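Since the structure comes first, as structure tokens, the remarks are kept for the end.
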């Protein structure tokens, strides 16, 4: 346990040292804040830059606060996931290449501690980032558009965080089994977006899919209740996360550490 | 239509500008202190300075050496 704490602390110092702890949350805050601001000023923006003929009357329905926050979450689903995966892609593979992993594993450190400390580090930054970014977005939405029930916000962000945890766990897994950083990012993003696409096309048949979590998030925001099949999706997602973690540890054991 | 400076709601916009500045400055500090970046350093400084928001992000993802 103490070894794990040391490794975890190493993870966190590293994130401070390469500024990850600063830039990832800032990007999420900006992503989250720009959506309410731009939907609030959309009529003015169109007026000034739209080049519409004089006297055009635009009936723009003002979006509700829930709509804006759903937009924010769908931005997080695209750009946010991209940034998280890119920032986490080297988590194991880069350390293996530079020999740091070898240096750590020469000492009697259990393989599971090494992988789990990496995972905990990723979890920490992901959750901090999501909560801060979403809170900023909620603040701006209630300032400019309308207040959204805190309970809905809280529930939706909890459900959404499960999806992001799934995404970073997958990144960790591919980072363990593959060598190049770019390849890790590419495969992870391919799998994640592929899963999202298949889930939204097949809908009913994919209730177990982790990507269904993003749909439940929207449901919670709009109606206060997750859609049907939430429990099934929740359980499979947690199960997949655990299986992927165990697989990462097992594969990491077999790998040559010094290449 | 001209938007005068007073009409811009600084209370809402200022935090966004400040955050972008923090991001840019962090990227610059990191870039300058780095011994070697992927590709010429002056290019990264230009990217960070002139592409807002995306520039620093690209630098952090691609420009830094991970070792």
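Backbone N, Cα and C define each Cβ position, glycine as well.
For the transmembrane segment (A:21-42), same-chain residues at least 6 beyond its ends with a Cβ under 8 Å from one of its own Cβ atoms are 12, 15, 60, 63, 68, 71-72, 75-76, 79-80, 83-84, 87, 125, 128-130, 132-134, 136-137, 140-141, 143-145. Residues or ranges marked as transmembrane segment by TrEMBL: A:21-42 (among others).
Residues or ranges marked as transmembrane segment in TrEMBL: A:76-94 (among others).
TrEMBL lists A:115-137 (among others) with the feature transmembrane segment.
As annotated by TrEMBL, transmembrane segment applies to A:157-177 (among others). Beyond the ends of the transmembrane segment (A:157-177), by six or more residues, the same chain brings 73, 76-77, 80-81, 84-85, 88-93, 115, 118-119, 122-123, 126-127, 130-131, 134, 184-185, 187-188, 191-192, 210-211, 213-214, 216-217, 220, 226, 230, 234, 237-238, 240-241, 244-245, 247-248, 251-252, 255 to within a C-beta distance below 8 angstroms of the stretch.
Under the heading transmembrane segment, TrEMBL lists A:184-203 (among others).
Taken from TrEMBL, the feature transmembrane segment covers A:230-252 (among others).
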